[in-house]
């Protein structure tokens, strides 16, 4: 009965950074700028990957999906965050909180698996270049993206109900700027060991397994690159993979630190700033990372800006 009574409560209060009111104005400007960069950069990547025939390859198909995920990921969080930072109102409805948690977990989990898929694409491109078009055929690309989405949906539909059904004994203050699983678990007044165990197991499956596959892929890529005799060939192979490796490092570094630790050792202040980094900063720099080191994307961008037409 306690769970049922708790499950339809009034609006939650997102504490966020309200204990640092002087910081909220600065954070509002910071978040707004990076959100605009995220919208512009990722929309440009999606548009270019669709419109430019030279970018109709598996690599840019996956990159377009990554940009779509980042776009939705930040949009599920930032408008509510900006609203809360702007004024004294810090509330979010119960159903709004549930929706944010589901969307946030679906998209975040999907991105974990998609980054592993992209590393496999880079492995085939570097280690099996002559068979690339045969191996990475369109149907396989669609299947790999579908598997990524399935894993994200599975994680969300397993963990979100368990998290929201925890008894909160009338508590409605979430010590975070969004409805995030560790913060919601931490405000429960019952034993959360079982939920934490489920979260840890799924965290291992969706974080460490894809990361292990990424490391294996790049280990094999490194072995192949070291066998390349020409400096130009090694440089080309490095440029093929460096952008993705940078994105993986930024994304996985913060995620693993946050989610693979017990909730009772979870520092809310530390968690807020880490979450701010991987939900606001990382999606905004991903397009920049890929654009700066990618001649095809830069060429498509110049063509678009100059209004050139395909001959």
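Heads up, residue numbers simply count up from 1 along the chain you see.
Quick reminder: no glycine exception, Cβ is built from N, Cα and C everywhere.
For reference, TrEMBL has these:
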type     : residues : note
DOMAIN   : 41-290   : domain 'G-protein coupled receptors family 1 profile'
TRANSMEM : 25-48    : transmembrane segment
TRANSMEM : 60-81    : transmembrane segment
TRANSMEM : 101-120  : transmembrane segment
TRANSMEM : 140-158  : transmembrane segment
TRANSMEM : 197-226  : transmembrane segment
TRANSMEM : 238-260  : transmembrane segment
TRANSMEM : 272-292  : transmembrane segment
Please report, as numbers and ranges, the same-chain residues at least 6 past the borders of the transmembrane segment (272-292) whose CB is under 8 Å from any CB of it. 16-17, 27, 30-31, 34-35, 37-38, 41-42, 44-45, 63, 66-67, 70-71, 73-74, 77-78, 176-178, 180, 243, 246-247, 250-251, 254-255, 257-258, 298, 301
Count the CB pairs under 8 A between the transmembrane segment (238-260) and each of 60-81, 101-120, 140-158, 197-226, then give me the winner. 197-226
Interface-richest range of 60-81, 101-120, 140-158 toward the transmembrane segment (197-226), CB pairs under 8 Å: 101-120
Same-chain Cβ contacts of the transmembrane segment (101-120) under 8 Å, 6 or more residues past its ends? 59, 62-63, 65-66, 69-70, 72-73, 76-77, 144-145, 147-149, 151-153, 155-157, 159-160, 163-164, 178-181, 184, 206-207, 209-211, 213-214, 217-218, 244, 247-248, 251-252, 255
